[in-house]
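J.: One structure, pasted below without further comment.
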Amino acid sequence: MNVLPAASQPLNQSVTLCVDAPMRLDSGLELGPLTVAYQTIGRLNAERTNAILICHALTGDQHVIGPHPVTGRPGWWETLVGPGKTIDTDRYFIICSNVLGGCLGTTGPKEINPATGKPWGLGFPVITIGDMVRAQALLLDHLGIERLFCAIGGSMGAMQVLQWAVSYPERVRAVVPIAGSWRHSAQNIAFHEVGRQAIMADPDWNGGDYLNQGTVPRRGLAVARMTAHITYLSEPALQSKFGRKLQDRASITYGFDADFQVESYLRHQGANFVKRFDANSYLYITRAMDYFDLAAEHDGVLARAFQGTKVRFCVVSFTSDWLFPTAESRAVVRAMNAAAADVSFVEVTTDKGHDAFLLDEPEFHDTLQGFLDGAADMFGLPRGLFSGIRP
């Protein structure tokens, strides 16, 4: 077993914010106090200029590296983050927070509503990607970080980092949106609606009050996960891994058990997911993604969202990603070009589908490495291990 040096050991913490004044949400409602759970890795340099914010995807959380507290599995981006890796914890100070509305420590529908002493459930206000980013900005205030070196995220994380560039352009030097888009498509909203309806149709959902009723809508949440997981893959990857191979049997059973390996795989994904994720959080976070549209506040003209920005961008897409296809990333790049923004674009050739950003994909890793090294050199960040603080 490889033991990480002390500076690269993850620190898992939480902080209560907005104690004196609530945070105003995009809906017009207010929320506070709110708790943000987060992980940090590495050391913040004396100038506080080497911080990277990693934004997680829909079903992710703050545990980028290290054993997950619920599943015991490795962190979701250990392929990329660590000493000497692409996102080098000897050089950068890494922050990742559980998003607002999440279910691993940050205020969300699973947590206790201080006004009632019971879980929020559907009493929790509907949130947006903008609200998630607003909470992250408050966390950075708490950590004493005025400006990020870089914000990086895939899928829903890409939405967050783009929102960072639009809402707080003066607080981030570089942004890397991976396998994302500037708005959620009709097809993706449709897939989310199928998942939400599966959850809400489960009798154990109890109108969203299942935690107070002592039930969990496991079946509905599992189906939602199974449906969504298909969109994270690709037909070539499914064909290569499963094809029409049978699951532990010599012939079909003429029944409705999992005859095919792909059926068994999806059932396994659903069963594992319900052990670590909250059903109401799934409703709220998918809705936040559906509402995401960077052009909405700019008369439908995306380029205006990036007008005058000094942020340096690297936009990454994958050839086999049909959830957020390359055309979506190209639209973002064209808008940035129209706004005279500093942007690089790379389409990575892979058959691994949308989830390629989570996997061992050398071309993607090399792309990210090159961009980070170039940006770090431009902004004067030193290479190698240095002493610093762990706020």
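Keep in mind that glycine also has a Cβ here, set from the backbone N, Cα and C atoms.
Per Swiss-Prot, the feature domain 'AB hydrolase-1' maps to 50-360; the stated evidence is sequence analysis. The feature active site, nucleophile is assigned by Swiss-Prot to Ser155. Annotated substrate binding site per Swiss-Prot: Arg225, Asp355, in sequence order. Here Swiss-Prot flags Asp321, His354 as active site.
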J.: What's the CA to CA span in angstrom from Arg225 (substrate binding site) over to Asp321 (active site)?
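T.: Approximately 18 Å lies between the Cα of Arg225 (substrate binding site) and that of Asp321 (active site).
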J.: Given the recorded positions Asp321, Asp355, which one has the fewest other C-beta atoms within 10 angstroms of its C-beta?
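T.: Comparing Cβ neighbours within 10 Å for the recorded positions Asp321, Asp355, Asp355 has the fewest.
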J.: Would you mind listing, in sequence order, the residues at least six apart from Ser155 (active site, nucleophile) in the same chain with a Cβ closer than 8 Å to its Cβ?
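T.: Looking at Cβ-Cβ distances below 8 Å from Ser155 (active site, nucleophile), excluding near sequence neighbours, one finds Ala57, Leu58, Ile178, Ala179, Gly180, Leu323, Phe324, His354, Phe357.
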J.: Using a 10 Å cut-off, grab the number of neighbouring Cβ atoms around the Cβ of His354 (active site), all chains included.
T.: 23
J.: Can you grab the distance from Asp321 (active site) over to Asp355 (substrate binding site)? Cα atoms, rounded to a whole Å.
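T.: Taking the Cα atoms only, Asp321 (active site) lies 8 Å from Asp355 (substrate binding site).
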J.: If you count Cβ atoms within 10 Å of the Cβ of Arg225 (substrate binding site), leaving out that atom itself, what do you get?
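T.: Its Cβ shell of radius 10 Å holds 22 other Cβ atoms.
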